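> The structure that follows is given in the form of C-alpha cells.
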Amino acid sequence: MLCWGNASYGQLGLGGIDEEIVVEPRKCEFFHGKKVCDVGCGLRHTAFLLEDGTVYTCGCNDLGQLGHEKCRKKPEQVVALDAQIILAVSCGESHTLALNDKGQVFSWGQGSDGQLGLNNFEECVRVPRNIKSLSDIQIAQVACGYWHSHALSRGGQVFSWGHNRYGQLGLGINGQSISTPQIIQSLQGVPFTQISAGGAHSFALTLSGAVFGWGRNKFGQLGLNDCNDRSYPTLLKSLRSQREGGVFTFGAGGYGQLGHNSTNHEINPRKVFELMGNVVTQISCGRQHTMAFTPSCGKMDAFGLAGNGQLGTRSTCNRKNPAPVKGPWGASNSSMDTDSESGYCVKRIYAGGDQSFAHYCTANDKDDVRIPDPHRRICTLNQEIIHKWCNYSPGRLPIEISNEIELVFSSASCLNGSFLSTSNPDHYSTSSKCSGVDLSMARLLLHRVVQQDHHEIAQQIAASLEKNLIPRLSNSPPDIEALRLYLTLPECPLFSDRNNYVTIAIPFAKSLLSLKETPLKVLGNWWSTFEPPVFQRMVELYKGVVVYLLQMHKMGIPSVEQRIFTCFLDTSLRLLEILHTVSERAGHIIEYDKFYIHELDDLIDIRNDYVTWIQRQMYPLGQDGVVTLCRYPFVFDAQAKTTLLQTDAVIQMQMAVDQAQMQNFSSMFMPAVESVNPCLILIVRRENIVGDTMEVLRKSKNVDYKRPLKVIFVGEEAVDAGGVRKEFFLLIMKELLDPKYGMFRYHEESRLIWFSNKTFEDIDLFNLIGIICGLAIYNLTIVELNFPVALYKKLLKKKPTLEDLKELMPDVGRSLQHLLDYTEDDLEDTFCLNFTITEENYGATEVLELIPNGEDINVNKSNRQDFVNAYVDYVFNTSVAPLFECFHAGFHKVCGGKVLELFQPNELQAMVIGNTNYDWTELEKSTEYKGEYWADHPTIRLFWEVFHSLPIEKKKQFLLFLTGSDRIPILGMKSLKLVIQPTGGGEQYLPVAHTCFNLLDLPKYRSLENLRDKLLQAIDHNQGFNLA
C-alpha cells in the first residue's frame, strides 16, 4: 500500500511520523505481506479492508469513526467486526460503513444527521452497529457522502439516509434529515452497477452506462448545465454510452481539480484533453483533488489542490493539468520482474479528504477493476445462475435457491439487467431506437429455467411475477433501461400457458397498456426492430388469450364476473391493436392476415357484434361493459369480414325499408317488405351493356345498390344463379377497360392500370366503374380490375406512399428511391432535377410544375424528400382528382358506411379482384363432378396428376381459362366450386371452359401425355374471356 497527502491525524496509517504532510507515495509498512481489497477515505480518517474480511482504521477519532479506541496513527483492527467477513467499506466526513458477506450493513461514527441509518440522531456511535432496517435485504454496495449514505441492494434498489439539506437523498424532498434507509422510488426498475457519493451529491451508474445524479449542484457538480440542486435523480444525458476510457470532469474547479488548465467551474461534463488517447480505467476524487490511472503505461496522474502533498508530485503547488504521480511505475501489461524494486504495478487507487492511496503488487496480476465483483452487483439471470438452480435434485427447493429465484423475478431491475446484448449493437448503445437486449438469449435462458422436470422453479417464478413484479410495475419508468422486461418476459413459457393467462399474461398486458405515451412510443420503436418470428410470437400469445377468454365466455360466465371478463378481453385486444399499429407503421413486420383470429366465427355472433358496434357509435353510452370486436377489425379474417359486409347490407336495406314505412303511413295496413323488390334487377343488351347499365343505375336509389344483383340479358332465357351475373361483370369490365375509351392508362412493367387524366370520356363513366366495384364486393364476385393497392388506400382515406408508386411504376419508383438514397454531395449535378414532371400527351411532351414556380427550384439534398412527396402526390392525387372523386362517389354509393372502416387496403383489394393465396389441394377437394365422373375415375385421376405437376404460371393460366380471373375470391379456393363433366366427343377434342359457371368439359382421355397436351393447348389458346 502506498500513501501520500495529509498525515496530521494519522490518516495515512504510517505510524508516528514527524511530517504533517507526505508529498510523494510512501510505502505503508504495516500492510507488507497483506492483501488490501478496499479502502474508505474519510475527511480525516481511513478504513482498510483486508482479503480475509477484517477491517483496520486509523486517523481522527473525535466522533468514534474508527470503531475502536486504540492508537489512531497506525491501522488498528476494528475488533467489534471480528465475527464478520466484510466485503466493502466506505467513509463519510466522520462516519464509516462496512458491508458483510451476507449483505448486512454496519455503521459507526458521527450520527447527528441520521447518516448511520440507526433510526436515531445520536451525536456519535463508537462501536459498529448493524443497520436493522436493512437486515432482510441483501445489500451489494455502500457509498458515503460527507453526511449522507447510500446502499444498493442485490435486487437493484437504491437506499439513502442521512443529511438531506440539498436533496442528496434523492427522495424528492430536501431539508429534513432522515435516520432510516429509504428506497429511492424514482429509480425503481433501472439496473444499476455502481453507486457513489460526493460531499452532498450522489451518482448512480447503470449497467449500460447511463449516469443519474442528484443533490447539491452549486458549482455544476451534477453536470446538468445549470447550478440548481436536484432532489430527484436526473439523467446526465450527455454522458450516456461514453465508454472509450475518456475522463470527463465538471463542478468546482477553483484549485484546478477539473484538469482543464483553468480554475473555472464547469456546469457540463468536459473531457480532460491531456488524458485523451489513454484508456483510463480508474478515477478517484478527494476533497479538492483528482486522481486518474492508466494501466497500459502503469502511471497515475493527479491534479487540483496540492497544499497537503495529496498529488504525490513532490510539490505543494496546485496543478491545473494532469501531472504524473512520482514513483517507479510498471505497466500492468509489461512482463515485470518480481523483484519489488523494479517498479510497482498499481492495482487500485483511492482518494478522499486531502489524502491519496494506491494499492500495488509487485507480481503482474492482471485483473480489470472495471469488471465488478459478482457479490457487489445486482443479481441477474445468466447461464451460471440457472445452472445452479437446475442442478439441485427435484423435490423441495433449498431455501437459498428459492430466495434467489424470488429476488430475480420480483425485481424489475434484475430482469432489466439480464440478457444484455454483447454483439453489435451492444447494450452500451441502448437508446429509444435500440433496446440493448439479446432476445434469442432471453428466450433460450427462460426456456431453460422453466422446464417440466423442475416445476418447483416454475411455480416460484410464476408466484414472484404474479404477486411481486407485475403489480409494482410503474406506468412512468425512470429510464429506457427500465423498459427491457416488456420485451424479454413474454418469451417466458409461463406466459403461453393457459393456466397463467389470467394471473400473468393479462396483468402484464394491463401494465404495458398503462404506460405513459413516451415509454409506449419507445416500446413501439423497439418492437419495430423485431424479426418477424419474434414479433409473431407476441401476437400469437395474445391471440391465444383472446380465444381462451371467448371460449370461457361461450361456456358461460357468472354475471358477477362479467365486468372482469370484459376488462380482460379489452386489455388483450388493445395490446394486439398496439402491436398491429406498430407492424403497419414499420411496413408490415408480419402480414396483416397473421393477426386474424380464425376461431371468431365459432366463438361469437359476428352479426350481433356488428349491430352492437353500430349502435354504440350512434348512441355512445360510455363504459357499459360491452366489448365489440368490430372495434378491433384487424382480428377478423376474410370469412368474418364478408359476413360483416352482408350484415351491413341487410342493415342498410332494413333502414331504407323502415324509412319508407315512416314516410308512408298507410304502409301499416300492408306488409311493407312485399312492396320493395328484394333484388336489384339489371336488364341489359349485350351490344349496349355500358349504356343500358348506366341508364338503370341512374334511376336506382342508393339503397337499391345494396340488394342482391340479378342480371337479365335481353332475349336470353338463362336464370341468374350467379353465372349470368358473373358474365355481366366480365363483359362490362372488358368493355370499360377497352383502350378505345382511354379512361385508364396501362403500365407495361407492372401490368397495372391507373386513371388517365387525359381521357375525353364522360366523367360519369368513372362513377359507373366505382359502382361496379362496389357491386362486385357486395355480390362476392371478383372482377379483373388491375389497380394498385393505392386505389384502395385512397378509398379508405389513407395516403399513398413511394412504395405504392414502386408498385405502379417500378422504374420511376426505383429512380426516386435512388435519389433519396444518394449519399454524394453532387446530387444537383448528377440528377439535374427541378420540381416539375414531364408527361407524354398524344405524342406531345408536356412539362408540369409540381409546386408553384417549380421550374425555378432545383432538387437538392435538403428538399429531395419534398420532391418525392410532391411526385407521389401528383401521380396519385392531384392529376386524377376529379376522376377519382367520381369513382369514389360511385363506390361509396354501394359500399359506403361504417363497414368500410373495418377493412385494410389489401383486404378491400382482395374483395374486388380476389387474392393470390393459392391452395391447389383445396381446389381439388372442393371440385364437384357430373355424369359418370367421380373423384377416383381414371380420367379425373390423370387430370389432377397433370394439373399438380404444372408450374405455377400454368396453374394460374388454367384459373383464368376456367373462371375468367387468375385470382381467387377472398373466401379462398373452396368458394370457387369447380365442376368437371365428361363430353361425348373423342380424345382428339380439347377441354372447353364455361367461364360463368366454373364448368370444365373434359373429354375421356386415357393417357397422361394426351391429357397434358390437350389441356396445355386449351389453356394457351384461351384469350382472356372464353364465354361459352
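Using the three backbone atoms N, Cα and C, a Cβ is placed for every residue, glycine included.
From TrEMBL, for reference:
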type: REPEAT; residues: 1-52; note: repeat 'RCC1'
type: REPEAT; residues: 53-102; note: repeat 'RCC1'
type: REPEAT; residues: 103-155; note: repeat 'RCC1'
type: REPEAT; residues: 156-208; note: repeat 'RCC1'
type: REPEAT; residues: 209-239; note: repeat 'RCC1'
type: REPEAT; residues: 245-296; note: repeat 'RCC1'
type: REGION; residues: 314-334; note: region 'Disordered'
type: DOMAIN; residues: 701-1028; note: domain 'HECT'
type: ACT_SITE; residues: Cys996; note: active site, glycyl thioester intermediate
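Describe the structural surroundings of these features, if you would.
DSSP labels the residues of the repeat 'RCC1' (53-102) in these numbers: 3 helix, 19 strand, 28 coil.
On the 0 to 100 pLDDT scale, the repeat 'RCC1' (103-155) averages 96 in the predicted structure.
The helix, strand and coil residue counts that DSSP assigns across the repeat 'RCC1' (156-208) are 3 helix, 28 strand, 22 coil.
Outside the repeat 'RCC1' (209-239), and at least 6 residues removed from its termini, the chain residues within Cβ reach (under 8 Å) are 145, 166-174, 184, 186-187, 190, 198-203, 248, 250-253, 265-269, 428, 430, 478-479, 481.
Listed by sequence, the residues of this chain that lie at least six past the ends of the region 'Disordered' (314-334) yet keep a Cβ under 8 A from its Cβ atoms are 2, 4, 21, 23-25, 255-256, 259-263, 272, 274-275, 291-292, 295-308, 341-346, 356, 358, 364, 366.
Around the Cβ of Cys996 (active site, glycyl thioester intermediate), the number of neighbouring Cβ atoms within 10 Å comes to 23.
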> Using DSSP, how many residues in the repeat 'RCC1' (1-52) fall into helix, strand and coil?
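Once the DSSP states are binned, the repeat 'RCC1' (1-52) shows 3 helix, 24 strand, 25 coil.
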